[in-house]
Ligand SMILES: NC(=O)C1=CN([C@@H]2O[C@H](COP(=O)(O)OP(=O)(O)OC[C@H]3O[C@@H](n4cnc5c(N)ncnc54)[C@H](O)[C@@H]3O)[C@@H](O)[C@H]2O)[C@@H](O)CC1
Ligand SMILES: Nc1ncnc2c1ncn2[C@@H]1O[C@H](COP(=O)(O)OP(=O)(O)O)[C@@H](O)[C@H]1O
Ligand SMILES: [K+]
């Protein structure tokens, strides 16, 4: 599990660590890691390479200057575009000059590599106009072979909000971000996350000094493989768990087919369907046991209710019946819209069994009374605390937040999933994982992770539809569990 810490926690840890080290040690460690990655980005052809440092007024600029000095010593032609000469890191600039580098007001003609040292964890808002102009000008330059310059961001891509991952205004889009000590939220959530490009974490000895809980957890393949239930010779369908699906309708049978499809790709031993799309579901999935009425559905270990259900009386009755059980529940799409009703919301808040709400931004706004806004993690945590449910807030980097303050971010998102019906597949899979006995937050992040992998897998074969995503869920799990 990768972990991200907020700026205040990083600063406290840095202070504690620095008290034990000679001045400047941390910056030297950071710069060495940065220079090593820059050389790699130049395919180790450092001699003669055109390197432009964009240098802001703080320590982020200092990192860039020391790394630039190391590259200059290896024969690179290094130019520092200093944005605020009065506040530049003087010792760093001196080191660069001593190594044969130079400072200039504008970038040189040839730029193979841009080092973004404009601003790091001291950033406020989007890039200011001077920095934005220097960035754009440098990006217009070309390298020795006429190629566009590679962009390496120092710590974070400049211009992003480090604690929330929000981006307002101009920000750097990096090919690689070399960060120090630990990841920060902007690397893993919000519109900032894709701007970081590939992430490299340089160990500067900070980890033992990070004494607070991380703000965000990011699972990797091994975490997800571990979380998936293992089946053995003693298992039969009921021990694996049964998932009940109350989605879709005669008007929207597709939602029912897609959510049962997602459920069938999960660990549950049996999928039951209850609703007015019964015939269509059985035709599409012969292994599903289907009834018209929820009351006749039989025993399950978890329910999925919502997508394609509509918001009429029958839909409200289905949601109420599911909420009245003491089973884990996934509330998706129309179920979320019905929760806006006060009595229904009270019913939800009064439950003690696990619940997962799976809103996209508009559903979130209806439920919470406002859009998730700039701080998506904060917004998801507030809704989770208010509803006493795990909240899976969909997006490019889907967030899972728990009522007791834990946050996960999914790293496998892909824009290929931004197509009708993929959310239904996700809800079904999530229900199957709940029925399989996973804790709700683990089920939620596991579902999001697998769903993202399936989206990526489906996209390898062309434009993606929701059935493609459902069909890819099994092969991606097979690849994951080996
Ligand atoms: N503190 C430490 O021990 C270490 C810090 N390191 C580096 O130091 C950085 C933090 O340095 P600082 O605290 O000096 O802060 P920064 O270098 O991130 O920012 C400093 C200044 O940038 C300007 N600025 C803020 N927002 C801006 C914007 N949107 N557009 C243009 N300019 C803006 C402000 O004048 C601000 O004071 C880290 O990100 C990392 O790169 C590393 O050297 C590792 C060790
Ligand atoms: N721009 C995007 N990039 C990556 N993933 C996205 C994007 N937009 C939506 N998604 C994902 O696609 C899925 C869409 O779900 P949802 O909005 O409920 O669609 P539907 O109701 O059509 O099934 C979610 O898993 C969401 O995280
Ligand atoms: K930066």
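Count begins at 1; order follows the chain as displayed.
Even glycines carry a Cβ here, placed using N, Cα and C.
Feature annotations, courtesy of TrEMBL:
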type    : residues                                : note
DOMAIN  : 10-212                                  : domain 'YjeF N-terminal'
BINDING : 59-63, 120-126, 155, 255, 308, 360, 424 : (6S)-NADPHX binding site
BINDING : 60, 116, 158                            : K(+) binding site
DOMAIN  : 220-480                                 : domain 'YjeF C-terminal'
BINDING : 394, 395, 396, 397, 398, 423            : AMP binding site
Candidates near ligand 1 among the binding-site residues 121, 396, 397, judged by a Cβ under 6 angstroms: 121
Listed binding-site residues among 59, 116, 360 whose Cα sits within 10 Å of residue 394 (AMP binding site): 360
For residue 62 ((6S)-NADPHX binding site), nearby residues of its own chain (Cβ under 8 Å, 6 or more apart in sequence): 27, 31, 89, 91, 92, 117
Close-lying binding-site residues around ligand 3 among 59, 62, 121, 124, 360, 395, where CB distance stays under 6 Å: none
Residues among the binding-site residues 59, 360, 396 that border ligand 2 - Cβ under 6 angstroms, in sequence order: 360, 396
Binding-site residues compared (158, 360, 394, 395) - highest count of Cβ atoms within 10 Å: 158
Nonlocal residues around residue 155 ((6S)-NADPHX binding site), in sequence order (Cβ under 8 Å, 6 or more apart): 30, 60, 63, 120, 121, 177, 178, 179, 180, 184
Neighbour-count leader, CB within 10 A, binding-site residues: 116, 396: 116
